[in-house]
Amino acid sequence: MSQKKRHGNKEKDGTLAGLIVAAFGRHYEVATPAGLLQCYTRGKKSSFACGDRVEVVPGGDGQGVIDALTPRHNLLWRSDAFREKLIAANLSHILIVVATEPGFSDLLVSRCIAAAESQDITPIIVLNKADLGERLDASRAQLAPFRALGYEVIEISALQGAAGLRERLAGLHAILVGQSGMGKSTLTNALIPEARAATREISEALDSGKHTTTFARLYALDEPTAAGEQVRKSAGNVEGGWLIDSPGLQVFGLAHLDADELAESFVEFRPLLGQCRFRDCRHEAEPGCALLAALADGRIAPRRFEHYRAIRAEIAEAKRLNPGW
């Protein structure tokens with residue numbers, strides 16, 4: 001049986017290696033050695049995400065068909081009882097954007113962190129609008145349990161200090177996530193000056209008339225040039241850092257995790273897992289529960305344990321409604 005032989009980023013059979021740099025429905029923009037291609041999938045298959053490495057069969061007029069998926073390092077996704085949403089693939093870091101104003105959900109922060117930890121993605125919390133001093137202390141207090149666990153918290157104003165954050169991101173494969181209203185779009189435009197133009201270009205190509213973030217979009221970080229030209233030139237072989245901007249979110253369901261995976265995703269629980277008196281301990285009121293003992297003596301923050309219980313109950317309900325999970 002013959003095997004495909006690669007020549008750089010091109011294979012003998014005419015397929016091209018590419019990187020998905022934008023994903024909207026079943027339509028993908030893929031950077032390849034032949035340039036950017038507007039790609040579709042075969043049949044109803046659409047299980048691809050921004051950041052995926054793929055093989056593309058090029059067609060005419062700058063279009064192509066995604067033929068195969070290169071194995072992923074990881075996948076960030078969210079799910080409820082009946083739906084799942086692929087967000088991004090092959091990430092090193094997730095930047096969870098919160099702000100001093102309006103108020104943010106620390107439960108959503110825990111959800112994002114759990115999703116990241118379950119896929120070996122490093123979380124960084126970005127506290128935006130740190131120049132609004134009247135809410136800064138309250139926001140810091142809300143983030144204190146995360147900082148105490150060793151999670152990096154970066155305080156910035158999107159209008160100031162973006163250059164320092166960009167330096168921190170050098171060489172990383174990262175995604176920005178956050179609730180609507182946290183200033184994520186402003187931060188993206190400060191980090192990636194060409195982001196607004198690139199978003200407008202795709203919106204016009206799709207005839208959507210929308211110039212806000214309604215789909216995930218990847219931008220090269222290390223050598224920014226006008227209108228995303230570095231992603232175009234790198235053509236599917238982005239070896240430096242890149243950043244994915246994603247739509248604002250209000251929920252981050254984790255129905256795809258099982259009970260053990262959820263517990264493992266809370267880093268403060270890890271040294272305690274397997275230490276309970278009963279192997280099937282649910283960490284609710286059982287005698288000899290190692291997690292409850294740690295909660296009682298302060299090794300686990302009460303707010304974090306509340307988050308764990310809330311997410312666990314939601315996952316259990318999702319699996320009751322849809323036993324297929």
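Cβ from N, Cα, C; glycine included.
Taking the Cβ of Asn128 (GTP binding site) as centre and 10 Å as the limit, one finds 26 other Cβ atoms among all the protein chains shown. Summarising the annotation, TrEMBL assigns GTP binding site to Asn128, Lys129, Ala130, Asp131, Gly178, Gln179, Ser180, Gly181, Met182, Gly183, Lys184, Ser185, Thr186.
The Zn(2+) binding site feature in TrEMBL is assigned to Cys276, Cys281, His283, Cys289. Proximity of His283 (Zn(2+) binding site) to non-local residues of its own chain (separation of 6 or more, Cβ distance below 8 Å) is seen for Ala263, Cys276, Cys289, Leu291, Leu292, Tyr308, given in sequence order. Mapped onto three states, the DSSP output places His283 (Zn(2+) binding site) in coil.
What TrEMBL records for 73-252 is domain 'CP-type G'.
According to TrEMBL, the domain 'EngC GTPase' annotation covers 89-250.
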Nonlocal residues around Gly178 (GTP binding site), in sequence order (Cβ under 8 Å, 6 or more apart): Ile96, Val97, Val98, Lys184, Gly248, Leu249
I need the neighbours of the Zn(2+) site defined by Cys276, Cys281, His283, Cys289. Which other residues of that chain put their C-beta within 8 angstroms of the C-beta centroid, in sequence order? Arg277, Phe278, Arg282, Glu284, Glu286, Gly288, Ala290, Leu291, Leu292
Including all protein chains displayed, how many Cβ atoms other than that of Ser180 (GTP binding site) lie within 10 Å of its Cβ? 13
What kind of secondary structure is Lys184 (GTP binding site) part of, going by DSSP in three states? helix
Cys276 (Zn(2+) binding site) -> DSSP, reduced to three states, gives coil
